[in-house]
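Colleague: Dumping the structure here so I can ask a few things about it.
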Amino acid sequence: MTERDFDTPVETPTVQPAPAQGTKPAQTVPVVAVVLAAGFGTRFDPDNPKQLVSVGGKPIVCWSIDAFEHCDRVSDIVVVVNPKVRGEVETLVGEMGYTKVRVIIDGGDERVDSTATALDMLATAGIPDDAKILIHDAVRPFVEQSAIDGSIDALDQFTAATVAYASTDTVLLTEDLGDLKVVKSVPDRPNTFRAQTPQSFRFATIRHAYDLAAADPDFHPTDDTRVVVDYLPDEPVAIVSGAETNLKITTLEDIPTAERIAEEILGRDPKEEARARMHALLAQAAGQMHR
């Protein structure tokens, strides 16, 4: 697949009409979704990569690409794949008619390597420093549009943000003692969240964080937020509300749950969806009135 040009923003007029109620403002910088689909999880079927497993009649990777393809505010999509399934993903992208997928690139051995490869490619493509980059695990197929919108909006105030879901369980921080783990501390539950994706950044921020991390051969982060937290500690990372349904499909045992979520999504009544959106708008308006 050949690389297509990334969208460049048009000059912003001096005066713009206010957006219609319930719509989101247009973006004046590129908003690039990086879909990470390069993993071959050891906890899944090694002969059947989970990104290509069908859930609800559609490959998992397509669910994730769909979410960004259908978001009007996302301008470009980069898909990072394992070379072993590159052909299959290219075929799917062509069959599904994704117009925002600019390039499909090979990932690295670890997640952090795949992100670094994508950032290098974006730099080569001339992406501006203030571009908004949303990095998403392909195996989180049910990310909601509200999480994507929230991530884009958060970058108007912060240079880094992550979707996260408030923990309903007490979280224990542990340390080793002999052959067992023991409790070291118990953080207050209201302050504990389960990290999800997308994790979003202004391009200059995440690029700088990765440049600093590259000098540390012992650093192996499990997500991109960790890179910013560890190497740019003065950069706050905003929390964007996630959802329990934004699960990460890690093992075969996750598939039945994913199928149930897919059935619920596919079976939603359009009238019920419209009613839910109206309730959300009313709740948002009420919240603004009480500020």
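Placement of Cβ uses the backbone N, Cα and C atoms for every residue, glycine included.
Swiss-Prot feature annotations, pasted as is:
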REGION    1-23  region 'Disordered'
SITE      Arg43  site 'Transition state stabilizer'
SITE      Lys50  site 'Transition state stabilizer'
SITE      Arg189  site 'Positions MEP for the nucleophilic attack'
SITE      Lys248  site 'Positions MEP for the nucleophilic attack'
Colleague: Starting from each candidate's C-beta and looking 10 angstroms out, tell me which of the recorded sites Lys50, Arg189, Lys248 has the most other C-beta atoms.
Modeller: Lys50
Colleague: Whole-number Å distance between the CA of Arg189 (site 'Positions MEP for the nucleophilic attack') and the CA of Lys248 (site 'Positions MEP for the nucleophilic attack')?
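Modeller: Arg189 (site 'Positions MEP for the nucleophilic attack') to Lys248 (site 'Positions MEP for the nucleophilic attack'), Cα-Cα distance: 22 Å.
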Colleague: Cα distance, Lys248 (site 'Positions MEP for the nucleophilic attack') to Lys50 (site 'Transition state stabilizer'), nearest Å?
Modeller: 11
Colleague: So, three-state DSSP: helix, strand or coil for Lys50 (site 'Transition state stabilizer')?
Modeller: helix
